[in-house]
Amino acid sequence: MAFRKSNVYLSLVNSYIIDSPQPSSINYWWNMGSLLGLCLVIQIVTGIFMAMHYSSNIELAFSSVEHIMRDVHNGYILRYLHANGASFFFMVMFMHMAKGLYYGSYRSPRVTLWNVGVIIFILTIATAFLGYCCVYGQMSHWGATVITNLFSAIPFVGNDIVSWLWGGFSVSNPTIQRFFALHYLVPFIIAAMVIMHLMALHIHGSSNPLGITGNLDRIPMHSYFIFKDLVTVFLFMLILALFVFYSPNTLGHPDNYIPGNPLVTPASIVPEWYLLPFYAILRSIPDKLLGVITMFAAILVLLVLPFTDRSVVRGNTFKVLSKFFFFIFVFNFVLLGQIGACHVEVPYVLMGQIATFIYFAYFLIIVPVISTIENVLFYIGRVNK
């Protein structure tokens, strides 16, 4: 027996990335998982090295980031890799989730796999927000103020929760210090959840574009899919390097190069681009409490998909109606992101409300109705044969 199979530790590696049987029909959309693993490693490694030079004291936080940029050897590469790496992390994560939605990866028997993925998504959003606050520029300070103030919408105990989060009466030194501590901790929790994600994947294996069982035609992970993954890894590294070295601030906000000042409110307070769709959903509801509930529901609604999709066929590969409404949903999500970056004024308020309705309607109305209609059409087509 090969040593990689007999050794208790290497046998785990072997069963996941060497001899793991994969459906022969999977396409490049299945490469997003390996890219997400690469992104997580980049973020953790660059974050650890940056933490060696960063100070979480509110008087020193902004200056310590500039110290990393100016004085630390290759510090600017660390900072720009970390900042742009976060944006690319979310780009790939959105594509990974879109693949799951399109190909029905949330369907039984992979419901646990999907649910763990949603938890990873929530933890990643929290980590990104905490890290954005650690820079303590203008947008960091006011972003922290706005988002933490959302908890004040909770009846009776909301204001106490906000004061507890702040560690005082406003965003101050205790806030940034505890945010940094959590920002350092949560990525390791994400790494643990990724291991759980892989364990859940290993039970039933990967799905495939055809939506049928792949047990009849599987090939080993190595060397076929390892080299296939390397194609997108090198392409990803090339595009990331172009941003890091030639356009490092394109995905950021210029106001965050101004030290945080609680006495000066920016013209517009917007989060990073990857949180804009959920920010638009929050702002589309006039009532504060309902807005907060709706924003969190926009993420948690992903958990109901395994139950609202009633189709007898997994995925949208052979379903024309489902394809059409899926791309409507994608367009609507991009539109929400654009609206989230706009001021709260006519016509963006009404557009945001319509887009929010379409977002929830897709999961709760469109998917169950269309899947039922397609089931009837499949049945009619089979009977007529």
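Every residue gets a Cβ built from N, Cα and C, even glycine.
Quick look at what Swiss-Prot annotates:
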- 1-27: topological domain 'Mitochondrial matrix' (TOPO_DOM)
- TYR16, HIS202: ubiquinone binding site (BINDING)
- 28-51: transmembrane segment (TRANSMEM)
- 52-74: topological domain 'Mitochondrial intermembrane' (TOPO_DOM)
- 75-102: transmembrane segment (TRANSMEM)
- HIS82, HIS183: heme b b562 binding site (BINDING)
- HIS96, HIS197: heme b b566 binding site (BINDING)
- 103-110: topological domain 'Mitochondrial matrix' (TOPO_DOM)
- 111-135: transmembrane segment (TRANSMEM)
- 136-172: topological domain 'Mitochondrial intermembrane' (TOPO_DOM)
- 173-204: transmembrane segment (TRANSMEM)
- 205-223: topological domain 'Mitochondrial matrix' (TOPO_DOM)
- 224-246: transmembrane segment (TRANSMEM)
- 247-287: topological domain 'Mitochondrial intermembrane' (TOPO_DOM)
- 288-308: transmembrane segment (TRANSMEM)
- 309-319: topological domain 'Mitochondrial matrix' (TOPO_DOM)
- 320-340: transmembrane segment (TRANSMEM)
- 341-347: topological domain 'Mitochondrial intermembrane' (TOPO_DOM)
- 348-364: transmembrane segment (TRANSMEM)
- 365-385: topological domain 'Mitochondrial matrix' (TOPO_DOM)
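Positions of the features from Swiss-Prot, shown on the structure.
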{"residue": "TYR16", "record": "ubiquinone binding site", "CB count, 10 Å": "14"}
{"residue": "HIS82", "record": "heme b b562 binding site", "CB count, 10 Å": "20"}
{"residue": "HIS96", "record": "heme b b566 binding site", "CB count, 10 Å": "19"}
{"residue": "HIS183", "record": "heme b b562 binding site", "CB count, 10 Å": "21"}
{"residue": "HIS197", "record": "heme b b566 binding site", "CB count, 10 Å": "21"}
{"residue": "HIS202", "record": "ubiquinone binding site", "CB count, 10 Å": "14"}
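The transmembrane segment (75-102) makes no contact with the transmembrane segment (348-364): fewer than 3 of their CB pairs lie within 8 A, with pairs spaced 6 or more apart in sequence. Counting only the Cα atoms, the space from HIS96 (heme b b566 binding site) to HIS183 (heme b b562 binding site) is about 23 angstrom.
Put simply, HIS197 is the one of the binding-site residues HIS82, HIS183, HIS197 whose Cα lies nearest to the Cα of TYR16 (ubiquinone binding site). Annotation: stretch 28-51 has the most Cβ pairs under 8 Å to the transmembrane segment (173-204), among 28-51, 224-246, 320-340, 348-364.
Same-chain neighbours of the transmembrane segment (28-51): 68, 75, 78-79, 81-82, 85-86, 88-89, 92-93, 95-96, 99, 102-103, 131, 183-184, 187-188, 190-191, 194, 206, 209, 225, 228-229, 231-233, 236, counting only residues six or more beyond its ends whose CB sits under 8 Å from a CB of the stretch. Residues 134-137, 172-173, 175-177, 179-181, 259-260 of the same chain lie 6 or more positions beyond the ends of the topological domain 'Mitochondrial intermembrane' (52-74) yet place their CB under 8 Å from a CB of it. Tertiary neighbourhood of the topological domain 'Mitochondrial matrix' (103-110): same-chain residues 29, 200-201, 203-204, 207-209, 211, 302, 305-306, 309, 311, 314-317, selected by CB-CB distance under 8 Å and a gap of 6+ residues from either end. Same-chain residues lying 6+ beyond the ends of the topological domain 'Mitochondrial intermembrane' (247-287) with a Cβ under 8 Å from its Cβ atoms: 58, 62, 76, 80, 83-84, 86-87, 90-91, 94, 125, 128-129, 132, 135-143, 145-147, 150, 170-171, 294-295, 298-299, 333, 336-341, 343-344, 349, 352-353, 355-356, 359. Residues 102-104, 106-107, 207, 209-212, 326, 367-368, 371-372, 374-375, 378 of the same chain sit 6 or more residues outside the topological domain 'Mitochondrial matrix' (309-319) yet have a Cβ under 8 Å from a Cβ within it. Taking the C-alpha positions, the distance from HIS202 (ubiquinone binding site) to HIS183 (heme b b562 binding site) comes to 29 Å. A distance of 21 Å separates the Cα atom of HIS183 (heme b b562 binding site) from that of HIS197 (heme b b566 binding site).
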